[in-house]
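Lifted from TrEMBL, the feature list:
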- 19-68: region 'Disordered' (REGION)
- 24-36: compositional bias 'Basic residues' (COMPBIAS)
- 53-62: compositional bias 'Basic residues' (COMPBIAS)
- 182-216: repeat 'PPR' (REPEAT)
- 217-251: repeat 'PPR' (REPEAT)
- 252-286: repeat 'PPR' (REPEAT)
- 254-407: domain 'PROP1-like PPR' (DOMAIN)
- 287-321: repeat 'PPR' (REPEAT)
- 322-356: repeat 'PPR' (REPEAT)
- 357-391: repeat 'PPR' (REPEAT)
- 392-426: repeat 'PPR' (REPEAT)
- 531-565: repeat 'PPR' (REPEAT)
Amino acid sequence: MDSLSSTFIATTTHFQFQHWNPKPPKKNSKISLKSRVRPDPWSLSDGSDITKPKPRSKNRKRPLSDDNARRILKAKAQYLSVLRRNQGPTAATPKWIKRTPEQMVKYLEDDRNGHLYGKHVVAAIKAVRAMDGSRNVRVVMGSFVGKLSFREMCVVLKEQKGWRQATEFFAWMKLQLSYRPCVVAYTILLRLYGQVGKIKLAEQTFLEMLEAGCEPDEIACGTMLCTYARWGNHKAMLTFYSAVKERGIVPSTAVFNFMLSSLHKKSYHRKVIDLWRQMMDKGVAPTDFTYTLVISSFVKGSLLEEALKTFNEMKSTGFAPEEVTYSQLISLSIKHGKSDEALSLYKDMRSRGLIPSNYTCASLLSLYYKNENYSKALSLFSEMEKFKVAADEVIYGLLIRIYGKLGLYEDAQKTFAETEQLGLLSDEKTYLAMAQVHLTSRNVEKALDVIELMKSRNMWLSRFAYIVMLQCYVMKEDLGSAEGTFQTLAKTGLPDAGSCNDMLNLYIKLDLTEKAKGFIAHIRKDQVDFDEELYRSVMKIYCKEGMVTDAEQFVEEMGKNGSLKDSKFIQTFCKILHGGCTENAEFGDKFVASNQLDLMALGLMLSLYLTDDNFSKREKILKLLLHTAGGSSVVSQLICKFIRDGMRLTFKFLMKLGYILDDEVTASLIGSYGKHQKLKEAQDVFKAATVSCKPGKLVLRSMIDAYAKCGKAEDVYLLYKEATAQGCALDAVAISILVNTLTNHGKHEQAEIIIHNSFQDNLDLDTVAYNTCIKAMLGAGKLHFAASIYERML
């Protein structure tokens, strides 16, 4: 190949000069027409001698030697033409032409009878084909010397099936007087060598053609390119194509298609795209086959924009895309998150009457599953049944997941069983999909049974299988099996963040704090790639245990994770600890106003400093929030959360910060003090909340509940009387607490008064309040009143 390309390129200047820059003839030189004009060896003769001028139309034609010959031949030609026409639009009808009387006589002597070749040409073809290597071609062709014209020898060469016979005949052909070096003969031999994969012989023949002075044309170069492409010799093909370009030769569309197809089969998609762009630069018109190949290569290279652009060009040119082209574009659009584009392509495909393949259906089902559009997914499955599109294992797996998301666990189980009955159950993803459905339904044992079924069938368990297995053991709270599965998972590589988070949550759930701390240190040492959920779980443990130093170091690590730079949780930690715990109010205003606060992160920080009793940092964080826009509402939510979690935040500390308690915080504080039997503190909070305004329903309810928990029935009734005197309304929960407390302390009359007043004021009581009132009156012996309360409730 190197010698061929170098010789081909080296002769470029010589042949291009010969071809494109002929020397102009001298004025006095006589150039015969015969020397300048050669008949095309591949076109039929029109029966005229090119050295003689054509007779004028007014002259009478000479009579035929046989008056009946032309009529018979014309009728035969018409008959054959009708036969070929009936074969369809692809049938090739030969061009029937006029012949001189001498040509007609020769035609009849050859006994062609409408055949393309004469008897002597047919005999020569058969003689050469019959050579088996034991006979010399000169002996076989001895009787044909001087009888075959150059064109007829080319016909004999063209009709050969074996490359050896063709090689020997071509050697004999070159010794004949009628032979002249011609690119046509060499091209015939090149095509034959290319068909049988004799690339070395083809290259030698091409070099011989160059040495013989034959200028290679588009067909000869295209034949060599197709030879390289057919046998996968892509490096030589591209090298030869570079040489062809340097000679200014542009291959045909068919040759480009051959090269593109060969490169595409070997997945050289980048080279396909480069060749396609060169083809467009040369202005070669592509076919539908060209577009299909190139779009496929764009898809394989994940170049969605270029693929869609080429696809639109294909449609605008008038070519109809195939289903596989639509399928590839739909799949790539889904991968790039272009859901609307994928659905538009599917709609266009259906409008053209194309039936989707199971691969297309699988892509769309995965899109619907991802977008939680389960109704369309089930509708698509109905369409598949309508068009008799066979569902494969991937589709059944997606259906199992969809049924699991919809809570249709029995349907998922039936689909899994149907997949097994059809003999399609072979991929672990289908097994694991069913196991995850069982996990979603909290049926751990069935999920583990599916995994055991995989093991019994000697299926190789992937990392994902161990991850699902770990989730099963974590949900089952089987610590030993979970730790063993995690160790096996760790042997396949660094554990994923989700699995680490599952293990950590299991330790927290089982109250194994020391093991959790050791596990965190281990995964941090192994440099596991943390996600936001794992960061949250680790920070919960650090803050709960008051590990300030570890927490602050961990925050620095979180800040270095560039993939989580947009996480509110992480940014709240980083900015508050490294820039927010100052008196810089401007920073706080911008930070809170930018909506970057994460409630959980702030709560963890405050709980960390509450556990550590670090009053200064706790105060700075709260001051920062209280002095920024919207910070008070955040503080209220945090305080309520702390009180629910049992953490101490005193009323005096909040008042010292200048924080104005809202009803929710006041109620939470009163409830917390009442729970811990600290009635004096609860009364102080209630008094501070009711100095300037009437107490709200939530605050009243909390104070009534605090009195009740402290066993102060008299105070409960006095608070009720004061509230009603001020026109404060009580809710159903407060009435229920009042009646129940008074009844438990034997104050049935006061309880009856509260019930009567509630009915008189038409308070909207719930079922619990009515039941409490009925129970209280039954305990007081007021049977008729209890019955009337029941009737009122109904």
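Glycine is treated like the rest: Cβ placed from N, Cα and C.
Remember, predicted model here, so these are calculated numbers, not experimental data.
The list of residues near the repeat 'PPR' (287-321) in space but at least 6 beyond its ends in sequence, with Cβ under 8 angstroms from a Cβ of it, reads 253, 256-257, 260-261, 264, 267, 269-270, 272-273, 276, 279, 328-329, 331-333, 335-336, 338, 341, 352. Here the repeat 'PPR' (252-286) has long-range neighbours at 218, 222, 225-226, 228-230, 232, 234, 237-238, 241, 245, 293-294, 296-298, 300-301, 303, 306, 317, meaning same-chain residues at least 6 beyond its ends whose C-beta is under 8 angstroms from one of its own. With a threshold of 8 Å between CB atoms, the same-chain residues lying at least 6 positions outside the repeat 'PPR' (357-391) that come near it are 323-324, 326-327, 330-331, 334, 339, 342-343, 346, 349, 398-399, 401-402, 405-406. Under DSSP, the residues of the repeat 'PPR' (182-216) split into helix, strand and coil as follows: 27 helix, 0 strand, 8 coil.
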